[in-house]
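Trainee: Pulled these from Swiss-Prot:
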REGION    1-53  region 'Disordered'
COMPBIAS  1-22  compositional bias 'Polar residues'
COMPBIAS  32-45  compositional bias 'Basic and acidic residues'
REGION    104-389  region 'Catalytic'
BINDING   ASP138, HIS140, ASP168  Fe cation binding site
BINDING   ASP168, ASN200, HIS249, HIS330  Zn(2+) binding site
ACT_SITE  HIS201  active site, proton donor
MOTIF     356-360  motif 'SAPNY motif'
REGION    376-385  region 'Interaction with PxIxIF motif in substrate'
REGION    390-418  region 'Calcineurin B binding'
SITE      TRP401  site 'Interaction with PxVP motif in substrate'
REGION    444-458  region 'Calmodulin-binding'
REGION    459-466  region 'Autoinhibitory segment'
REGION    500-520  region 'Autoinhibitory domain'
REGION    577-623  region 'Disordered'
Amino acid sequence: MSTNNNKAPTSQSSDKSATTESKLNDNENTETETKTDENNEEKPKMTLKPPQPKIENKVSTIDRVVPSVKYPKSLPLPHDVLFNEDKTINLPKLQEHFFAEGRLNHDDVIEIVKMAAEILEKEPTLIQVEAPITVCGDTHGQFYDLIKIFENDIGGNPANTNYLFLGDYVDRGYFSMEVIIYLYACKINYPNTFFLLRGNHECRHLTEYFTFKEECLHKYSEEVYDFITESFNALPLAALMNGKFLCIHGGLSPDIKTLDDIANIDRFKEPPSSGPMCDLLWSDPMEEFSPEIREHFVPNDVRGCSYLYSYRAVCSFLQKNKLLSVIRAHEAQNAGYKMHLQNDATGFPSVITLFSAPNYLDAYNNKGAVLRYENNVMNIRQFTCSPHPYWLPNFMDVFTWSMPFVSEKVAEMLLVLLNLCNDEEAEKNENAQTVKDTSEEEKRRQMLRAKVKSVSKMMRMFSLLRQERETIMMIKSFSPSRKIPQGLLTEGKDALKKALGDFAQARKMDLINEKRPPILDRVNSRGELLRMNSRGELFRINSKGDLFRSNSYADLKPPQGPQETIKITECHEQNITTNNINPNSITTNENNSNEQLQQQQQQQQQQQPPTTTSTTTQTEVAK
């Protein structure tokens, strides 16, 4: 009987527990918990959960809002993945890592720079390169366009293609570190087929003034910057391609008469502001490139240093050194290349300019181009820009970027307060109709109206700053003072868009940045302050304040060259054909008329149509 009495309550308790659990399961905001008492009977305990609000269209804070944009690599590439067992670089892994905005270990970057510099130091100042080869112009920190060059239908894979780069790998673009490290890695892997020349931006002076140093400090450290700028001193200055073409970054110099003059330059130093080394990096062909210009060299006012060289200067140099042409970079071109007036003695373009940074600064809307020289045929292959990750201008953080948004809201609140005061003043005047305005009250109302107008104008400017932030930052990058031109904001959105219209306008705005930046005050070994005035004259100031002229820079007076007359010929930018050229005598068959050249152009276009990824221009060179 006692047993039955004990079982009955247990059964009833179990039934109650089951009923309670059933009810609790119907309620999402409750939880059940079992608790054992002294008689080993389980009693349910109910815990209430706070009500959960129903949110539609939830946005995860873990997943990307734009799924197509992948996360940047958060960890550096491991050392054993970056380096192969034979101490070469794993280029596919490095490219993949850089493509995902990844970075390297600090020590690995320094090791790559040291290895590349050791190879470059052993090369002569004037290197010899042979065809087949791909020649590239400026890349300026555009890593994603650099990788496009290495595609098979443009420049070719560096593993089985000879390459010659003409300098300007850093500054202006936001991926200069990736460009220089990847090029150095290619040099380490292919030291005998991958060649790098020095450009005017490969120096401490310009990288401090433009973006490269800031990028190094943002991504790595000042120690990395010091190692890289030191490695720039090891880059050769010129290359002789197949014994026929002089390849340099900038151009000719009045101090350079022969190829030996280039080979004898001491390049292991920071480029000076004058002299043959400076001219190889900074000089440009004249805008009016014709035989009518009798001077050979004139000061280069656009660059603020070096010279502009004429058609006569180039032809004289080519004839004396038995060359066909000068291949250079240094200047942005809308088509990615420019074939200057052809040499009357050879029928070949006297100067060829290459520029391999498409849509330069994300503003020029230009094409990039490389020159492929193979089997005595030159193919100029054009290509367009590749999409790349977005960086805020000058590596700006989001708080600085958001200041126009905050300022606009503050201006709106201030305007509301001032308008409120103005409305109260008007209401007060309506109630006091019989009282005439005194001069002080009228003056106060005018001041209040002026404040409202000023704040309204300021609010419109902040609104424009917010809406056109990217355009304004691009205009700032073109300005040497890094400021918006005065009055441009008040002209509105259309004026900003017009300021960044086409290639010609962008280049005109950016022209000031093509000038050699002023030398900052420095202290020499004697503790004297070195300072340059606006005319480019260098002075030193001692501890007493005495001023002395420094003789560190040579006079820029242009030399007078020979005054021979040369027949004017027209340069055809496509399908220039020369027959029976002997490099020793530099003679040519001049029987080809313009009509024949046009017919040859049509025939070659039919034989080799351009691909969808590049535009091909062919130039044949006789053996």
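The first residue you see is number 1, and the count goes up from there.
Just so you know, glycine gets a Cβ as well, placed from its N, Cα and C.
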Trainee: For a three-state summary based on DSSP, what are the helix, strand and coil counts in the region 'Calmodulin-binding' (444-458)?
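Mentor: The breakdown for the region 'Calmodulin-binding' (444-458) reads 15 helix, 0 strand, 0 coil.
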Trainee: By DSSP, what is the split of the region 'Calcineurin B binding' (390-418) into helix, strand and coil residues?
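Mentor: The region 'Calcineurin B binding' (390-418) comes out at 23 helix, 0 strand, 6 coil.
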Trainee: Roughly how many angstrom lie between the C-alpha atoms of ASN200 (Zn(2+) binding site) and ASP138 (Fe cation binding site)?
Mentor: 10
Trainee: Of ASP138, HIS140, ASP168, TRP401, which recorded positions are close to HIS249 (Zn(2+) binding site), meaning a Cα within 10 Å of its Cα?
Mentor: ASP138, ASP168
Trainee: Over the span of the motif 'SAPNY motif' (356-360), count residues by DSSP class, listing helix, strand and coil in order.
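Mentor: Looking at the motif 'SAPNY motif' (356-360) with DSSP, the answer is 1 helix, 0 strand, 4 coil.
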Trainee: Relative to the Cα of ASP168 (Fe cation binding site), which of the recorded positions HIS201, HIS330, TRP401 has the closest Cα?
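Mentor: Its closest listed neighbour, by Cα, is HIS201.
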Trainee: By CA distance, which of the recorded positions (ASP138, HIS140, HIS201, TRP401) lies nearest to HIS330 (Zn(2+) binding site)?
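Mentor: Result: the closest of the recorded positions to HIS330 (Zn(2+) binding site) is ASP138.
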Trainee: Within 10 Å of the Cβ of ASP138 (Fe cation binding site), how many other Cβ atoms can be counted across all chains shown?
Mentor: 29
Trainee: Taking Cα atoms as reference points, which of the recorded positions ASP138, HIS140, HIS201 is nearest to TRP401 (site 'Interaction with PxVP motif in substrate')?
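Mentor: Comparing Cα positions, the candidate nearest TRP401 (site 'Interaction with PxVP motif in substrate') turns out to be HIS140.
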Trainee: Return the average pLDDT for the region 'Calcineurin B binding' (390-418) as a whole number.
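Mentor: Reported value for the region 'Calcineurin B binding' (390-418) is a mean pLDDT of 76.
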Trainee: What does DSSP call ASP168 (Fe cation binding site) in the simple three-state scheme?
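Mentor: Reduced to three states, the DSSP call for ASP168 (Fe cation binding site) is coil.
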Trainee: Which state, by DSSP, holds ASP138 (Fe cation binding site): helix, strand or coil?
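Mentor: Once the DSSP labels are grouped into three classes, ASP138 (Fe cation binding site) ends up as strand.
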